[in-house]
Amino acid sequence: MPFGNSHNTLKMKFSSEQEFPDLSKHNNHMAKVLTPALYEKLRSKQTPSGFTLDDVIQTGVDNPGHPFIMTVGCVAGDEETYEVFKELLDPVIQDRHGGYKPTDKHKTDLNPSNLKGGDDLDANYVLSSRVRTGRSVRGFCLPPHCSRGERRAVEKLSVEALGALTGDLKGKYYALKNMTEAEQQQLIDDHFLFDKPVSPLLLASGMARDWPDARGIWHNDNKTFLVWVNEEDHLRVISMQKGGNMKEVFNRFCTGLTKIEELFKNKGHAFMWNEHLGYVLTCPSNLGTGLRAGVHVKLPNLSKYRQFEEILKRLRLQKRGTGGVDTAAVGGVFDISNADRLGFSEVELVQMVVDGVKLLVEMEKRLEKGQAIEDLMPAQK
Amino acid sequence: MASSFAKVMSSRTTGLIMASLGAGAVATGYLMSDNATVSADQRRKLYPPSADFPDLRKHNNCMASALTPAIYAKLRDKITPNNWTLDQCIQTGVDNPGHPFIKTVGMVAGDEESYEVFAEIFDPVIKDRHNGYDPKTMKHPTDLDASKIHSGVFDEHYVLSSRVRTGRSIRGLSLPPACSRSERREVERVTVQALAGLKGDLSGRYYSLTEMTEEEQQRLIDDHFLFDKPVSPLLTCAFMARDWPDARGIWHNNEKTFLIWINEEDHTRVISMEKGGNMKRVFERFCRGLKQVEHLIQERGWEFMWNERLGYILTCPSNLGTGLRAGVHVRLPKLSKDARFGKILENLRLQKRGTGGVDTAAVGDTFDISNLDRLGKSEVELVQLVVDGVNYLIECEKRLEKGQDIKIPAPIQQSRK
């Protein structure tokens with residue numbers, strides 16, 4: 001929220017007890033970690049850009065909990081948030097990312113030749129393949145905290161950088177506020193258009209302010225590489241195509257990202273990254289790789305199998321409906337992706353998806369024929 | 001007690017300026033340290049007001065009509081004593097370009113001082129919204145003497161219920177868009193303590209939203225008393241729903257004719273209501289209740305936000321002055337179908353709504369009819385205006401029933417000097 005650092009100074013006139021939020025009915029990572037003692041310790045701090053503890057936790061205070069998903073309940077307003085409020089965020093990160101310790105180091109690997117296989121997922125089952133991540137531009141505040149001037153500067157930089165892409169990555173930018181009706185319809189039909197967030201998890205953090213100012217979509221002419229500007233993060237980068245050739249999708253993803261990073265560096269801007277947290281994004285759940293590699297896959301039989309959830313868990317995979325997070329599967333088609341983000345490299349995560357989906361499809365085929373699949377049960381990865 | 005929450009002029013952000021801002025650091029537009037986000041102070045320099053000016057080209061609200069780049073440049077870096085900024089005032093108007101049928105206000109106050117510190121934008125918005133009322137030159141009259149109302153009992157064949165509402169803010173505490181959790185809790189504490197001192201027909205009970213039982217909740221819903229977390233983006237974009245439902249609640253008297261909402265869109269909303277057409281009694285209870293609550297908080301060193309320029313200070317500029325909406329639910333089956341209905345209401349300075357309140361449609365032939373104005377006329381004047389107007393509407397309805405003709409009344413004079 002755009003409350004200035006000086007507002008925080010004023011709040012110090014009231015005791016920590018008077019200010020401590022009522023979290024008695026809450027179930028999110030922030031609420032589990034934040035004690036009155038910790039609140040008292042951190043409430044006087046702020047990042048250099050003025051992001052405060054209350055700013056970090058507002059979304060978690062306003063949203064007691066999702067019925068099925070343990071939400072994070074806090075966001076970063078800038079890169080320094082993860083440092084200044086590490087006493088809150090480290091345990092949240094540890095809880096969310098499978099025990100990742102404050103001393104752990106995260107490996108980044110965007111070399112697509114390290115991926116084994118992945119070019120032959122059965123297209124009779126795997127309808128589409130997609131890899132997404134996010135990137136933040138160092139020096140600018142993140143979506144919960146940025147001013148209009150900063151957001152516009154991020155847009156301008158991004159459009160310039162993306163405008164320099166060539167070959168199969170060459171494309172065009174569509175600013176949300178300047179789009180024609182025809183362009184808008186085309187982007188909807190292509191499933192590219194993002195709209196103003198409606199989730200209270202996002203709204204409560206202040207990310208939707210000034211919509212649709214400085215928001216837009218860039219995509220290449222082939223419609224296989226797409227960048228969202230200033231939605232939940234500075235940049236969301238997506239590589240996708242129909243069918244099961246995840247290797248090709250990942251190749252393009254890595255090539256594109258590396259090129260974009262180079263173009264930004266030429267303009268004097270690095271992406272936010274450090275060796276402990278990897279790529280720094282708005283939501284702690286997206287730290288590390290920020291990567292979600294997934295497929296839309298037909299699993300009508302396997303999804304009804306009593307151990308479906310257990311299989312996914314062991315493969316470190318997650319299921320969603322084909323509308324994305326918080327949607328239900330339609331017609332036996334699921335969105336299957338990696339559950340992890342931090343503590344594994346990009347290559348490792350995509351490998352898990354490739355290997356895992358291969359196994360799921362095999363199981364589906366067996367069940368179709370009425371055969372058993374117990375012998376195929378995987379061990380916990 | 002009041003002193004511990006007294007407004008303190010904050011020192012400027014001098015203590016927070018990063019000492020490391022070197023001489024060469026601010027050369028070109030985007031030059032910044034490789035390793036750090038810009039500090040709050042650097043950001044002010046790097047992004048002049050022109051870089052931050054909102055895009056209001058597709059907007060239709062009072063704020064967008066009044067805000068120029070020049071005004072924005074002048075006010076952007078100012079703060080109120082509670083450290084509230086212009087950007088925070090206007091955020092709701094930036095985020096909500098416009099209601100298709102209603103010209104919304106598009107800005108809110110974070111504290112009493114907002115109306116002073118940002119007067120250059122609030123004054124034209126107030127003028128636009130309140131029919132030319134000029135805060136620079138005019139004074140607003142306050143009159144809560146209910147004995148002055150005449151003919152205030154309506155024909156109950158037509159009028160089903162009568163209601164008067166207003167809001168009150170506790171001086172010294174920030175308003176709902178800006179308040180911290182402890183300020184909001186203090187508003188609750190001060191108000192609940194005062195209400196506990198009400199006696200006789202006004203004696204009642206408080207129901208906190210966080211502690212309400214399921215049964216209490218159901219009963220309050222059945223009584224049409226319960227308010228819920230705002231869903232309107234006009235309100236949520238103004239930061240009013242933060243920390244819901246902490247420190248929010250409903251108080252009402254045992255007779256269910258006097259009701260207070262705590263920490264919804266304002267510190268308090270005060271409502272007097274009853275079935276039937278005795279508007280005079282409703283207003284009498286309204287004034288009596290308000291005066292008693294005011295007295296009770298004054299005993300403990302608190303007071304309501306009020307000044308002679310703007311009357312009672314509330315969160316939304318549309319509610320300044322009296323903050324008063326006096327209305328009835330009235331059946332007008334014939335009149336509502338007459339082509340002149342709209343014009344008659346307009347000339348009487350009345351507004352129609354559906355019986356669900358603002359933004360609802362009428363059900364059957366029953367309408368919510370209330371005063372349009374809030375500022376520039378006193379409470380007594382506005383209630384009398386509603387009384388006279390509703391009596392006129394009923395007259396019209398009766399005439400139409402008998403097949404007689406009706407007349408559009410002459411327009412009521414709008415603002416006073």
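Every residue gets a Cβ built from N, Cα and C, even glycine.
Annotations in TrEMBL come from automatic prediction, not curation.
As the structure is a computational prediction, the values presented were derived from the model and not from experiment.
TrEMBL lists A:11-98 with the feature domain 'Phosphagen kinase N-terminal'. Per TrEMBL, the feature compositional bias 'Basic and acidic residues' maps to A:96-109. Annotation comment: TrEMBL describes A:96-116 as region 'Disordered'. Under the heading domain 'Phosphagen kinase C-terminal', TrEMBL lists A:125-367. Among the features that TrEMBL reports, ATP binding site is placed at A:128-132, A:HIS191, A:ARG236, A:292-296, A:320-325.
In this structure, the binding-site residues A:ARG236, A:ARG320 were compared by how many other Cβ atoms lie within 10 Å of their Cβ, and the smallest count belongs to A:ARG320. Using a 10 Å radius centred on the Cβ of A:SER128 (ATP binding site) and all shown protein chains, the other Cβ atoms total 19. Per DSSP, the secondary structure of the region 'Disordered' (A:96-116) breaks down as 4 helix, 0 strand, 17 coil. The secondary structure of A:ARG320 (ATP binding site), as reduced to three states from DSSP, is extended strand. Around the Cβ of A:GLY294 (ATP binding site), the same chain contributes A:SER129, A:ARG130, A:VAL131, A:ARG320, A:ASP335, A:ILE336, A:SER337, A:ASN338, A:VAL353, each under 8 angstroms and 6 or more positions distant in sequence. Using a 10 Å radius centred on the Cβ of A:VAL131 (ATP binding site) and all shown protein chains, the other Cβ atoms total 26.
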